[in-house]
Amino acid sequence: MLDVRPDEVSAVLRQQLSNSLTEAQLEEVGTVLQVGDGVARIYGLTKAQAGELLEFEGGLKGMVLNLEEDNVGAVLLGEYSAIKEGSTVKRTKQIAFVNVGEGMVGRVVDTLGNPIDGKGPITGELYKMPMERKAPGVIYRQPVTEPLQTGIKAIDAMIPIGRGQRELIIGDRQTGKTTVALDAIINQKEFYDRGEPVFCIYVACGQKASTIAGIVGTLEKHGAMAYTVVVAATASDPAPMQYFAPFTGAAVGEYFRDTGRPALVVYDDLSKQAVAYREVSLLLRRPPGREAYPGDVFYLHSRLLERAAKINKSDEIAAAMNDLPESLKGIVKGGGSLTALPIIETQAGDVSAYIPTNVISITDGQIFLEINLFNSGVRPAINVGISVSRVGGNAQIKSMKKVAGTLKLDQAQFRELEAFAKFGSDLDASTKLTIERGRRNLEILKQPAFSPVSVEEQVATIYVSTNGFMDSVVVNKVRDFEKDFLTVLRTSHKDTLKEIKSGKIDDAITEVLKKVAKEVAVKYSK
């Protein structure tokens, strides 16, 4: 028999026991009283906090929204058919978060950040970003001074958007709202190719799965998925998933913003998010207000949109930002931005309804799309008269500001005079000129979907249009004139375009533009 050495045995036992935990593991557990329609009432979680994540049997996550005397009301984030009365629920003692990292770019994820595009798990380092977070304080922000080029002539010239701005896209259904937002995303490819990417997040809230698949296909076709994350909460997802989807999009955008990079988030659309929130609130028996929306529906959108900001350039100030997630400490950089393009759908052009007026008052301007313009072939169907950008003017490049300064006013005047012109033909010469030039400007501002125009080409085209070098061109030939004019500039005057891009516009540049315009106009004159 082998010699058994007691000291060795006791040493092994000591080593084994040193790794075992002897303290009692305390878990707060509650019981489901009632479940249905994506909402559960739970008894026993007396210490639960508002906004806290809960874990149900089978790993399903929930979130506490209502704290009542004898129970808590929670929303269920996912498929809840396995949850029954009497099921146990555990507190997690953390607020709802989503894991974000560089590996998320190019992927389609759900509200909880899980990939749903069949391309496997998200790789690389991931950081915990809270879904709900306080917006950066005034000290940590800086004014909007840098343009966010959309590639859409009508927007970049007359309703410019700056990095860190919130610009609402509003209009009836089928007026091209999503197309405007996708154009803005596709136009960022120029910056991606240059090595200065603007990371884009497209949040699809309550849309058909087939529509979302089409949008992802469009982005892939134009090479835009290389710098885009799609957050999808389809119409078939439970209301809580649709309600939280924009918050997930904001959390993803904040990761890029707080690490010193520009990001653009599109919320498509917030009307459906408000409807989902109304559903959740009514199921939780919160008192209804106007149009049966809960009283805090304004706060729902304001706290979401306030998270868009241009962060102070100083790394030191940015690192001291309020409500910074623990996971980001040490990698925070200044100078980042998050631009928001929320979309709102109106009913029969009624911008004075509850949700549209709320979001108009929160944002820094709106782009109003009109069904009549859309049907008459003006696309993008932007009504210039009631579309505004409250801060973007400071962000325009100098050359664009100089050239497009009067364009908005001219077009508003043209619309007014055109309405009068229908009643009588005896118009004086200056009125006729305004109408004729307005028609040509209108043609110049038309643009097919998914074909963004670079800023220097926009400046060149708008210069010749507003200064009357196209007055001799037949209206229906304006688009052909534009195509030829830009081709000549691209082939023979690359330096001029480069100077315009840098913001410069002087007599030498305008002489080149005049000369080329006159040469090309001969071909398309009456």
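Every residue, even glycine, has its Cβ placed from backbone N, Cα and C.
Feature annotation from Swiss-Prot assigns ATP binding site to GLY171, ASP172, ARG173, GLN174, THR175, GLY176, LYS177, THR178. Within 10 Å of the C-beta atom of GLY176 (ATP binding site) sit 20 other C-beta atoms, taking all shown protein chains into account.
Summarising the environment of SER387 (site 'Required for activity'), the number of other Cβ atoms within 10 Å of its Cβ, over all protein chains shown, is 22. Residues or ranges marked as site 'Required for activity' in Swiss-Prot: SER387.
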Per DSSP, three-state class assigned to ARG173 (ATP binding site): coil
Separation of alpha carbons, SER387 (site 'Required for activity') and LYS177 (ATP binding site) (Å): 13
Rounded Cα separation (Å) that holds between SER387 (site 'Required for activity') and THR178 (ATP binding site): 17
Residue among binding-site residues ARG173, LYS177 with least C-beta crowding, 10 angstrom cut-off: ARG173
